[in-house]
Amino acid sequence: MVQFKLSTASLLALASYAAAHGYVSSIQADGQTYPGADPHNPNPESPGWQAENTDLGFVEPSAFSTPAIACHKNARAPPAHATVQAGSTIKLTWNTWPESHHGPVLDYIAPCNGDCSSASAGSLNFVKIAEKGLISGSNPGFWAADELIQNGNSWEVTIPANLAPGKYVLRHEIIALHSAGNPNGAQAYPQCINLEVTGGGSATPSGQPATSFYSPNDPGILFNLYQSFDSYPIPGPAVWSG
């Protein structure tokens, strides 16, 4: 009888495929709560982009050069917007997030240059407004995604105070690294939300398309969690200074 032995890392990675992945199910902005984009039950009142991710799956590194990396697979802009004042904080709550899916949490914003309901994911130019990666430890360490779980599967992001009024798309993303030690193993979970930003200043970001954010061999994408390490290079562009 042939016997196979798997490492702890391999077992964790395999187990993760059976875990339920999540999506942003609730958006709180300026005292209002909006429904997120449920992949199985679209809600016309949601400012979240509806994508073809009914498997609650991910965008893999081989697709990072396609529009799927912007707002998930074949994402479509909704007519609704969440209203938020520049400088205030938005709370994004996921319906669930697996404990095995350690990794960074990143937030971007892109101007729609008009109404966001007619925007396409591939045409948006984003700037990064927040990022958080490794917090402490290694093998696998404590990560931003773990902090999200500790906070009731929620994450807060502050809209830049100097952002010019207008309509924008907020891109919120977790990159799960539990399989990222293997080529094409990282898992990106981008979520997009239409915003109408009020108040603020006069800064309008120029940004870049999401297809230029990451490459499959970036050190923060091809990264082995299950080893000793002192730091983690957060992928993507630098945080926008305004």
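Each position is counted from 1, following the chain as shown.
Glycine too: its Cβ is placed from the backbone N, Cα and C atoms.
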Among His81, His101, which residue does Swiss-Prot name as a further Cu(2+) binder in the site formed by His21, Tyr189? His101
Mind checking which of Cys71, Cys112 has the disulfide with Cys192 in Swiss-Prot? Cys71
Check the Cα-Cα distances from Cys112 (disulfide bond) to the binding-site residues His21, His178, Gln187, Tyr189 and tell me which is shortest. Tyr189
Using DSSP and collapsing to three states, where does Tyr189 (Cu(2+) binding site) fall: helix, strand or coil? strand
Around Gln187 (O2 binding site), how many other C-beta atoms are within 10 angstroms of its C-beta? 21
Cα of His178 (O2 binding site) to Cα of Cys71 (disulfide bond), in Å and rounded, measures 21
Closest of the recorded positions to His101 (Cu(2+) binding site), Cα to Cα, picking from Cys71, Cys116, Gln187, Cys192? Gln187
